[in-house]
Amino acid sequence: MSDTFLDVDIAVIGAGSGGLSVAAGAAQLGASTVLIEQHLMGGDCLNTGCVPSKALLASAKAAYRWRSEAALGVDYALPDVDLGAVNRHVHEVIAAIAPNDSIERFEALGVKVIQGTARFVGPSEIEVDGTRIRARRIVVATGSRAAVPPIPGLDQVPHFTNETLFANTELPRHLIVIGGGPIGIEMAQAHRRLGSDVTVLEASRIMPKDDPELVSLLGSRLVDEGIAIREGVSITRVEDGRGGVTVLLRNSEGLEERIFGSHLLVAAGRRPNTERLDLEKAGIEYGPKGIIVDARLRTSNRRVFAIGDVAGGPQFTHVAGYHAGIVIRNALFRQPAKVDYRALPWVTYADPELAHVRLTEAEARAKHGDDLVVLRWPYHENDRAQTDRKTQGLIKAITTRSGKIVGASILGAEAGELIQLWVLAIGQGLNVKALAGMIAPYPTLGEISKRAAASFFTPKLFSSRTRKLVRFLSWFG
Ligand SMILES: Cc1cc2nc3c(=O)[nH]c(=O)nc-3n(C[C@H](O)[C@H](O)[C@H](O)COP(=O)(O)OP(=O)(O)OC[C@H]3O[C@@H](n4cnc5c(N)ncnc54)[C@H](O)[C@@H]3O)c2cc1C
Ligand SMILES: NC(=O)c1ccc[n+]([C@@H]2O[C@H](COP(=O)([O-])OP(=O)(O)OC[C@H]3O[C@@H](n4cnc5c(N)ncnc54)[C@H](O)[C@@H]3O)[C@@H](O)[C@H]2O)c1
C-alpha cells in the first residue's frame with residue numbers, strides 16, 4: 001500500500017539533460033509536473049560527463065601552453081600539475097553550474113521534485129518509495145551508463161569509468177584507455193597533457209563515426225603528443241598486480257602482447273538505464289540499445305515517451321534537449337512533431353577540435369554517387385590561423401554538383417564554433433552560394449568556411465570561358 005498518491009499531467013523520470021528540459025518546459029506551460037531523480041540533479045552531463053570532462057580538458061590545455069604557445073614569443077615554464085588542484089577546479093565548475101539544475105530552481109518553476117528510484121506499476125502509474133504517481137503522460141529520461149565489455153578478468157580489476165574518473169586526485173603514471181571513441185580520445189589527451197603516459201586500445205579504429213581523413217590527422221597529432229594508439233586490437237584478458245594492471249591482447253598482426261599500466265579507464269560505449277524501471281508492467285518495449293521509440297519519441301505505450309540516451313539514438317546533451325522539445329510539442333500541444341537528425345552536429349573536444357554535421361564523404365558517396373563535390377580549405381591558408389599559430393587542420397564540406405550542402409567536417413581550432421554555420425546552412429537547405437557570398441570579417445577563422453564554400457566556384461570562375469567573356473566585355477570601355 002502506498003503512503004501518498006499524486007495525480008499529475010506529466011511525470012518525468014530522470015533529472016538529466018533531457019528530463020530537466022521537459023520538466024522545466026512543462027511546468028512553465030502550466031502542466032502539473034513531477035520530476036523524479038534517484039541520484040544527482042543534472043545527471044551525467046553535469047556530474048560525470050560533459051562538464052567535468054571539458055573542465056579537465058581546459059586544465060590540460062593550460063598545461064600544454066608551454067609547448068603550444070612557445071612560438072608566440074612568450075616563454076611558459078614547464079607545468080607543475082597538481083591533480084588535486086585540477087580536481088578542485090573540475091568540481092568548482094560543476095558547483096557553479098549546479099544551481100541551474102537544482103531542486104530549488106525546479107521547485108520555484110512549479111515542478112514537484114521527488115528523490116528516489118521510479119518504477120512502473122501500470123500503464124500510466126509509477127511508484128517511488130511509497131509514493132504512487134498517476135500521470136497523463138510519462139517521460140522516461142533515465143540516461144545511460146558505461147558499458148563494461150565482457151573481457152575476462154575485467155570485473156576483478158579496479159578500473160575507472162566516467163562515474164569515478166573525475167573523483168581521482170592522483171595523476172596516473174600510465175593510463176590505459178579501453179575504447180577510442182569520444183570519451184576515450186578526450187580523456188586520453190587530457191591525461192597525456194597533464195603528465196601521464198597514455199595508451200589507447202581500440203578494437204576497430206578510433207572515432208569510427210567521424211570522417212576518416214580528419215580522424216587520421218587528429219590521430220597523428222595525438223601520437224605526436226606521445227599517446228600510444230593501438231587500433232584493431234582484441235583484448236583477451238585483464239589482470240591485476242605489480243601495483244597496476246596488465247592487459248593481454250592480440251594485436252592487429254595477430255601477435256599476443258602484454259601492456260602494463262598503473263590505471264585503467266573503460267570507455268567502450270554505453271548501456272541504457274532500463275533495468276530498474278519494470279518497463280514490462282507498462283507494456284514498454286525495449287532492447288539492448290534502449291527503449292524502442294517512434295519518430296515522435298513515443299514508446300509502445302502511447303502515454304509514455306522516452307528521450308535522451310535511454311532512447312537508443314545519438315547520445316548527446318543537445319540531442320536530449322532537442323528530444324525534450326519534441327515531447328513537449330507532442331504531449332502538451334498535441335502536435336505530431338517528429339525527430340529529424342539531418343542537421344545534427346557533434347564535436348569532440350580534443351585539441352584541435354573535431355566537428356561534424358550530416359554526411360561524411362563516404363556516406364555522401366553512397367547516397368549521391370558521382371553527383372558530389374568535395375570542398376577543402378586548410379587552416380594554414382587562413383591569416384588568423386597564422387597570427388595565432390593555429391594552422392593545423394582543415395574544413396571538408398560536401399555538396400551536390402548543384403551546390404546543395406550535404407555534409408561538413410572540421411578539424412582545427414574552434415571547430416565546434418565554426419561548424420554552427422554549416423549546421424544552419426544544412427538545416428535550412430542552403431546552397432553553398434549563400435556561404436560563398438557572405439561577407440566574413442577579417443581576420444577570423446570563420447573565413448575558412450567562406451573560402452571552402454567559394455572554392456566550389458573556382459573552376460567555373462577562372463575557366464577559359466569566363467576569361468574570354470571578361471576580355472570580350474573589356475572591349476566596351
Ligand atoms: C565523459 C562524458 C562526456 C560527455 N561529453 C559530452 C559532450 O561534450 N557533449 C555532449 O553533447 N554530450 C556529452 N556526453 C553525453 C551526455 O552526457 C549525455 O548524452 C546526456 O547526459 C544524456 O542525457 P539524459 O537526460 O538522457 O541522461 P542523463 O543525463 O544520464 O540523466 C539521467 C538521469 O536519470 C536518473 N535515473 C536513472 N534511472 C532512474 C530511475 N529509475 N528513477 C529516477 N531517476 C533515474 C539518473 O540518476 C540520471 O540523473 C558525455 C558523456 C560522458 C559520459
Ligand atoms: N564531445 C562529445 O560530444 C562527447 C564526449 C564524450 C562522450 N560523448 C557521447 O557519449 C557516447 C559514449 O562515448 P564512448 O566513447 O564511451 O563510446 P563510443 O561507443 O562512441 O566509442 C566506444 C569505442 O570503444 C571501442 N570498444 C568497444 N569495446 C571495446 C573493447 N572490448 N576493446 C577495445 N575497444 C572497444 C569501440 O570500437 C568504440 O570505438 C558517445 O558516443 C557520445 O555520444 C560525447
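In case you wondered, yes, glycine gets a Cβ from its N, Cα and C as well.
What you see is a predicted model, and the numbers here were worked out from it, not measured in a lab.
Sequence annotations record features per position, and here TrEMBL assigns domain 'FAD/NAD(P)-binding' to 9-323.
Long-range C-beta contacts of Cys45 (disulfide bond), restricted to its own chain and to partners at least six residues apart, with a cutoff below 8 Å, comprise Gly16, Ser17, Val51, Thr317, Ala320. What TrEMBL lists as disulfide bond is Cys45-Cys50.
Residues or ranges marked as FAD binding site in TrEMBL: Lys54, Thr142, Gly143, Ser144, Asp309. Long-range Cβ neighbours of Gly143 (FAD binding site) (same chain, at least 6 residues apart, Cβ-Cβ under 8 Å): Gly14, Gly16, Gly18, Gly43, Asp44, Pro272, Asn273, Gly308, Asp309, Val310.
The NAD(+) binding site annotation in TrEMBL covers Gly179, Gly180, Gly181, Pro182, Ile183, Gly184, Ile185, Glu186, Glu202, Gly269. Secondary structure at Ile185 (NAD(+) binding site), as computed by DSSP, is helix.
Taken from TrEMBL, the feature domain 'Pyridine nucleotide-disulphide oxidoreductase dimerisation' applies to 345-452.
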Query raised in the report: So among the binding-site residues Thr142, Ser144, who's got the most Cβ atoms within 10 Å?
Result: Thr142
**Report entry** Three-state secondary structure, which DSSP defines for Thr142 (FAD binding site)
**Finding:** coil
Query - Nearest of the binding-site residues (Thr142, Ser144, Ile183, Ile185, Glu202) to Cys50 (disulfide bond), judged by Cα-Cα distance - result: Ile183
Report task. Return the member of Lys54, Thr142, Ser144 nearest to Ile183 (NAD(+) binding site) in space, with distance defined Cα to Cα and candidates limited to these binding-site residues. Result -> Lys54
Query raised in the report: Got a sec? Which of Gly143, Ser144, Ile183, Ile185, Glu202, Asp309, the binding-site residues, have CB under 6 Å of any ligand 2 atom?
Result: Ile183, Glu202
Requested in this report: State the count of C-beta atoms found within 10 angstroms of the C-beta of Ile185 (NAD(+) binding site), not counting that atom itself.
Outcome: 28
Report summary line: Across the domain 'Pyridine nucleotide-disulphide oxidoreductase dimerisation' (345-452), DSSP yields 40 helix, 32 strand, 36 coil
**Report entry** DSSP three-state assignment for Glu202 (NAD(+) binding site)
**Finding:** coil
